[in-house]
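Each remark here refers to the structure printed beneath this line.
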Amino acid sequence: MEMKIIFFLLSFTIFELSSAQLRVGFYSSSCPRAESIVKQVVQKRFRTDRSITAALLRMHFHDCFVRGCDASILIDSTKSKSSEKDAGPNLTVRGFELIDEAKRNLEAACPSSVSCADIITLATRDAVALAGGPAYNVPTGRRDGQVSDSSEVNLPGPSLSISDAAQFFTAKGLTLNDMVVLLGAHTVGVAHCGFFRDRLSDFQGRGKPDPTMDPALAARLLRICGTQSRPLNRDPTVFLDQNTSFIVDKQFYNQIKSRKGIMQIDQELALDKLSAPLVSRLAANDALFQQSFANAMIKMGRVEVLVGKAGEIRKNCRVFNPTKPKGRTG
């Protein structure tokens, strides 16, 4: 028991030291226009595709929860190695071409200076602000990971209980409250019917809809998605927030309080005694949600970061830098 405590404290200290090396304005000398270059790319995409906010939030989350925020999700698979990008939970992650464009522009301005990991963090921050969410400063200085393995991808699923899901977050140094706030990212974005179809007609194999879902919503979704035994040939998507689907605001929490959560884990947030009190506070106070969301995003962006001389600064976000041959000695 004593050894476990020592190991935890040591791990926590390492986490604190590494994240402390991040700082706002990290590129002020090495690449003064870094943040504005990323913002311009995001602004251009947002003008034609408001769904990019949800895409980047999902990419950022999926990256940080596997090996930390190190851009390992961006690596392309090779014939001999399947990367994180091709793991099941990541097959619907998108927005990679936006990161590529930002990286090309940064390489033209400041070669080998800005990490792909920081590009993801900055782009997500900018997309959140454009969608009506909080405008916040994020510390930078992350470096890119040199490992990406599809077998390491283990993310919380949409049917987990609140206590089980919370274990994923606490393992990354995040609290239950952080989880409730970060799941508020579902204020934008969509879900494929396959992730919640069982709730509509055969919840937990009982042949009936999930009793925690508003019956009118379940009936409407049933027409879109089909049943478990007779799903539609395609796998349609529906908005996770039925009210303000492209705006980062507190309406997601009002929705789940009205039993209109699409994903089971979303609805559980409003029902479980561990999370329900915070859901109520967030639903009643948009200023609280905005500030809490900014704080939680900053905190998530510090998870298991590589700093200093660890990792690398990739030239191309999709591939690791070539290994440098070792020089002769003697």
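Note that Cβ sites are derived from N, Cα and C of the backbone, with glycine treated the same way.
Record source TrEMBL places CYS317 in a disulfide bond whose other cysteine, from CYS69, CYS110, CYS116, is CYS116. Between CYS110 and the candidates CYS31, CYS193, CYS225, TrEMBL records a disulfide bond only with CYS31. Between CYS69 and the candidates CYS64, CYS193, TrEMBL records a disulfide bond only with CYS64. Considering only the recorded positions ASP63, GLY68, CYS116, ASP249 (Ca(2+) 2 binding site) has ASP63 as its nearest partner by CA-CA distance. The residues near the Ca(2+) 1 site, meaning same-chain residues not in ASP63, VAL66, GLY68, ASP70, SER72, GLU84 whose C-beta sits within 8 angstroms of the mean position of the site's C-beta atoms, are HIS62, CYS64, PHE65, ARG67, CYS69, ALA71, ILE73, GLY145, SER148, in sequence order. In the predicted model, the domain 'Plant heme peroxidase family profile' (21-321) has a mean pLDDT of 95. Calculated from their C-alpha atoms, the gap between CYS110 (disulfide bond) and ASP70 (Ca(2+) 1 binding site) amounts to 20 Å.
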